[in-house]
């Protein structure tokens, strides 16, 4: 009973004034940890499970179309029967795309239940367990216990805050993993599974228009329209599991949010992860997180020459 009261009191203090200290970690440590997360991402797609059709290069200054076909010419949909993918896809209809509209789109009970199931699985996954143990070993306050870690992951990613009109209309998860409409354009949406689902649902009126940057089957920045609204360059990691993206992005957010990028490397290809926080009512939320391509290297080309 005493331990329960202590835990509740800790969460009460956290809820009242949320300030996450800067994390003193070197670039080499982040690089090594990112590669470790990739190694344990056993739910990511194998190279033979995804085939991309990038088609034409395009630019961000207009809405020109350099792609007549879909981006994904092949995806082994057995991937989507894995629990994290299935639970993620179940969450996709919970959100109002337009900013300024109060969330959730479904009942609060349904949202709480589906988010809870997703977090239950993700927090027990290998990438998130590795991340928790790493933070705990380094004494980060987000990982003093599994309960505190869950609180912060839920707060940073799923708690609602306002992006427009002062209404609780968004969350870090919605922005990064789902996508939003603001000021007549698409904002956020940095996940390959979401891209694939929208591209293969005719009712979404989704049109891929070409790439601005591509790094084989690892990462790309893509132009598209969604129900007539333009996204000039939306960047995604390709083939990664939902739990990997959440673990990597959480690590980078807590370590390098703001002006610094989180520099990582996958399959020989350098990438940067950019992240921003939003503070409202003394609480901290994920504002945005997205990958960008680093300089193309001979190692990147050599390791991915068959992709």
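Glycine is treated like the rest: Cβ placed from N, Cα and C.
The signal peptide annotation in Swiss-Prot covers 1-17.
Marked as domain 'EndoU' by Swiss-Prot: 26-295.
For 175 (among others), the entry in Swiss-Prot reads active site. Residues near residue 175 (active site) in space but far in sequence (CB under 8 A, at least 6 apart, same chain), listed by position: 163, 187, 188, 286, 287, 288. In the three-state DSSP scheme, residue 175 (active site) is classed as helix.
Secondary structure at residue 190 (active site), as computed by DSSP, is coil. Applying an 8 A CB threshold to same-chain residues 6+ apart, the list for residue 190 (active site) reads 176, 177, 234, 235, 236, 237, 289, 290, 291. Under the heading active site, Swiss-Prot lists 190 (among others).
If you look up Swiss-Prot, you'll see 201 marked as N-linked glycosylation site, on the strength of experimental evidence. Around residue 201 (N-linked glycosylation site), no same-chain residue six or more apart in sequence has its CB under 8 Å from its CB. Residue 201 (N-linked glycosylation site) falls within neither a helix nor a strand when secondary structure is assigned with DSSP, and so counts as coil.
Swiss-Prot lists 231 (among others) with the feature active site. Within 10 Å of the Cβ of residue 231 (active site) there are 19 other Cβ atoms, across all protein chains. Residue 231 (active site) carries a strand DSSP state (E or B).
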Per-residue pLDDT averaged over the domain 'EndoU' (26-295), given as an integer: 97
